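Undergrad: Sharing a structure here in structure tokens format.
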Amino acid sequence: MASFTLSSATPSQLCSSKNGMFAPSLALAKAGRVNVLISKERIRGMKLTCQATSIPADNVPDMQKRETLNLLLLGALSLPTGYMLLPYASFFVPPGGGAGTGGTIAKDALGNDVIAAEWLKTHAPGDRTLTQGLKGDPTYLVVESDKTLATFGINAVCTHLGCVVPFNAAENKFICPCHGSQYNNQGRVVRGPAPLSLALAHCDVDDGKVVFVPWTETDFRTGEAPWWSA
């Protein structure tokens, strides 16, 4: 005799027979805790009819959730970092124009233009929050201690293998969850295996909107030419 456990509310296919209703994946069903004994001979002799049940609506991501997921790791300061183990991928929202500056308008988690004044109302000094930057790269906006935006943005892509690096506010540095690389609060590498500091972008305000512009000058953190512009 074989013992199976049935679930009374499994959102999958349910099979019925003259002997009752049961889920085809009997060995995997656990919620119901109802033990039923069925002999191998009876199982072989059953005539089964399967009927698919619908997935509850609250299990299906709505459009806003799916669009938000298209922006990789935005708002990562307040979220767990486990999901950041995925390799870096570009945002799916097309980068915005830079109002004739040659740059890109920063986008928030919903794909909206970042308005500098509004951003500063909701982000405290020392805050580092991801936005969409140049070429769609995830880029940190930095709020200085005097509650102004820093003149630079920090590209969040790890220089080791391309994971998106979260900012650890408790330790005041960026720590990559993939292989442990660490960067100081300005993105300068302080521990490998990452070989280089995080890339920079100029952060300007044009017509009230935050604009990222390519950084081609000396890296102020290292005193060297910017490797990302080579």
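In case you wondered, yes, glycine gets a Cβ from its N, Cα and C as well.
Found this in Swiss-Prot, in case it helps:
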type	residues	note
BINDING	CYS158, HIS160, CYS176, HIS179	[2Fe-2S] cluster binding site
DISULFID	CYS163-CYS178	disulfide bond
DOMAIN	116-212	domain 'Rieske'
TRANSIT	1-51	transit peptide
TRANSMEM	73-93	transmembrane segment
Undergrad: Using DSSP, how many residues in the domain 'Rieske' (116-212) fall into helix, strand and coil?
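TA: The breakdown for the domain 'Rieske' (116-212) reads 10 helix, 40 strand, 47 coil.
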Undergrad: Mean pLDDT for the domain 'Rieske' (116-212), as a whole number?
TA: 96
Undergrad: Near HIS160 ([2Fe-2S] cluster binding site), how many other Cβ atoms are within 10 Å of its Cβ?
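TA: The answer is 18.
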Undergrad: Specify all same-chain residues, apart from the site residues CYS158, HIS160, CYS176, HIS179, whose Cβ lies within 8 angstroms of the center of the Cβ atoms of the [2Fe-2S] cluster site, ordered by sequence.
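TA: Along the chain, the qualifying residues are THR159, LEU161, GLY162, CYS163, VAL165, CYS178, GLY180, SER181, PRO193, ALA194.
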Undergrad: List the Cα distance (Å, whole number) between HIS179 ([2Fe-2S] cluster binding site) and CYS163 (disulfide bond).
TA: 9
Undergrad: Mind giving me a neighbour count for CYS158 ([2Fe-2S] cluster binding site)? Other Cβ atoms within 10 Å of its Cβ, every protein chain shown.
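TA: Result for CYS158 ([2Fe-2S] cluster binding site): 25 neighbouring Cβ atoms inside 10 Å.
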